[in-house]
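So the structure is just underneath, and the comments pick up after that.
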Amino acid sequence: MTLHVTLPPASRPGLLASVADLAEMEVALGAGADIVDLKNPAEGALGAWAEAPLKAAVARWRAAGCVTGLSATVGDQPLDAATILAAARRTASTGVPLVKIGFPLPLDGAGAALAPVLDALRPLALETRLIAVLFADQDPDLSTIAQFAEAGFHGVMLDTADKAAGGLLAHLPVPRLAGFVAEARAAGLLTGLAGSLKLQDIAPLATLKPHYLGFRGALCATGRTSALDPAQLARVREELKGRVAA
């Protein structure tokens, strides 16, 4: 079965909505999310779903005609080749088309530390669309974007690891975010920006032309570990639809 990932109109970023369970997945599908992101916020920044509900989500997505994107996180993992590969394989084995992997890079020598992990992931990247997640609150070395592209990754995102330490814009200025998006796009990678984004962050970030903006807390009534709120999701969706890149 060929899996397609639908891109949003080129004039605006798409909405990536992180959901914690199958009921929230139904809400996101009904609200028109461009990517439904399967993530367990109670287990960390990139907390993973258990295998059984993950398989059920993939089956539901296929039954719906695969009209949206579907991604899943592999859990918060250390920068260790064997550990990350095992987690990525577990997630990919469920059939989810986009597998998101977090890379907690060191401040010094990020490229060298990353190399053996990417070498281990190369065979999987030939079979599954892998999305690298770098953490804005860890001062990531954005020169590693080229390494991900060379290793066969499908995309790269920025997020935040510590959800109590402020959102994306508290850690990286807009010019640096613009450079990230431009470099990732030039490398042929799907690009995304996330990290405790709020409604008011959409305007400045949309002008940078990422493919997607990712949300969790802004879609919930009382914080990222509470239930998805359809009204909040609709507000974010409408704000994104109203943003047309120049």
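Counting begins at 1 with the first residue displayed.
Backbone N, Cα and C atoms are what each Cβ position is placed from, and that goes for glycine too.
TrEMBL entries are annotated by machine, without manual review.
If you look up TrEMBL, you'll see K39 marked as active site, schiff-base intermediate with substrate. Look at TrEMBL and you will find K100 tagged as active site, proton acceptor.
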Per-residue Cβ crowding (10 Å cut-off), top of active-site residues K39, K100: K100
Rounded Cα-Cα span from the residue listed as 'active site, proton acceptor' to the residue listed as 'active site, schiff-base intermediate with substrate', Å: 10
